[in-house]
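Shown next, in structure tokens, is the structure this report addresses.
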Amino acid sequence: MEQQELVREILRLKEERRAVILAHSYQRPEVQDIADFVGDSLGLSREATRTDADVIVFCGVHFMAETAAILNPEKTVLLPDLEAGCSLAETINPEDVRAWREQHPDGIVVAYVNTSAAVKAMADICCTSANAVEVVASLPEDRPIFFVPDMFLGAHVERVTGRKLDIWLGECHVHAGIRSEDLAAQLAAHPDAEFLIHPECGCSSTCIFLRPDAKLLSTEGMVRYAAQSAAREFVVATEVGILHRLHQKAPGKRFIPVREDAICHYMKRVTLEKVYESLRDLKYVITVPEEIAVPARRALEAMLALG
Ligand code: 13P
Ligand code: SF4
């Protein structure tokens with residue numbers, strides 16, 4: 001099928017199935033364009049709680065679809081490609097969290113949403129890159145905190161809140177691959193550009209020495225910032241799927257990726273063809289067993305309750 005016909009069929013099936021399509025900002029441009037809602041992990045979690053559709057087609061990666069399924073046990077949640085995983089979520093399993101808990105019976109576990117449902121079930125509260133600082137700042141000061149699994153986001157939260165955290169040494173291969181040398185070269189080439197960087201980046205700890213005015217933001221935070229800023233040019237350190245959304249929401253401005261090859265192949269597994277097949281055949285249904293979903297929902301709702 002040609003692209004136009006695929007889009008027509010997706011829209012027709014969407015009506016027929018009473019479905020909503022949610023897409024992360026790292027998705028392919030043509031997938032973002034057919035979505036009802038495009039956003040960051042926090043926006044997508046919120047949107048998943050608001051929809052009255054019967055079916056949610058999640059154009060993103062597995063942990064995001066699991067989050068939608070946990071928050072909507074009565075809805076059908078579909079992930080168009082089961083291989084859409086996440087290298088960061090893979091770095092930790094529930095046993096790792098259990099081992100820390102055994103050593104710290106009064107400890108609090110904060111799980112970044114880039115984790116499996118089973119890890120979320122072991123956590124007290126979840127966070128995303130948009131609210132990690134706020135989540136940690138809301139916790140009691142006299143108890144140990146385990147922040148999992150992203151070490152660079154954890155270090156950013158420590159710097160901003162001044163809190164001491166136990167941090168799991170996990171990283172996302174895409175963001176860890178954006179190195180200080182790449183950053184220094186792009187910033188030198190574009191001295192007047194504003195600088196937007198995702199806190200998952202390996203160089204997010206050193207970037208403040210290169211550019212003290214760096215804006216460490218979630219993907220949606222970048223879109224919002226670029227749309228309202230008076231600047232015309234931005235150096236952007238994150239997965240390059242965000243550029244499509246930046247161009248849409250801040251038209252006429254120039255966005256320079258720190259690395260053009262910062263591509264998450266998991267995110268790109270979802271194609272229009274697979275979205276069509278997903279709606280046609282109602283596949284692949286993502287479910288989370290009750291014994292995991294109940295405690296994981298508690299941790300997600302604790303985060304969402306912070307507003
Ligand atoms: P946000 O969309 O929450 O900024 O997260 C980025 C990410 O890596 C999602 O996989
Ligand atoms: Fe996971 Fe990194 Fe891909 Fe985000 S960009 S889904 S953290 S592998």
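The count begins at 1 with the first shown residue.
From the backbone N, Cα and C atoms, a Cβ is placed for every residue, glycine too.
TrEMBL has this to say about the protein:
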type: BINDING; residues: HIS24, SER41, TYR112, VAL113, ASN114, SER129, HIS198, PRO199, GLU200, THR219; note: iminosuccinate binding site
type: BINDING; residues: CYS86, CYS172, CYS264; note: [4Fe-4S] cluster binding site
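Locations of recorded TrEMBL features on the structure.
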| residue | record | Cβ within 10 Å |
| --- | --- | --- |
| HIS24 | iminosuccinate binding site | 28 |
| CYS86 | [4Fe-4S] cluster binding site | 23 |
| TYR112 | iminosuccinate binding site | 29 |
| ASN114 | iminosuccinate binding site | 28 |
| CYS172 | [4Fe-4S] cluster binding site | 26 |
| HIS198 | iminosuccinate binding site | 27 |
| GLU200 | iminosuccinate binding site | 26 |
| CYS264 | [4Fe-4S] cluster binding site | 22 |
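On a Cα basis, CYS172 ([4Fe-4S] cluster binding site) lies 7 Å away from GLU200 (iminosuccinate binding site).
For the pair CYS172 ([4Fe-4S] cluster binding site) and TYR112 (iminosuccinate binding site), the C-alpha distance works out to 12 angstrom. Shown in sequence order, VAL61, SER87, LEU88, ALA89, ASN114, HIS173, VAL174, HIS175, GLU239, TYR266, MET267 are the same-chain residues outside CYS86, CYS172, CYS264 whose Cβ sits within 8 Å of the Cβ centre of the [4Fe-4S] cluster site.
Checking the binding-site residues HIS24, TYR112, HIS198 against ligand 2 with a 6 Å cutoff on the Cβ atom leaves no residue at all.
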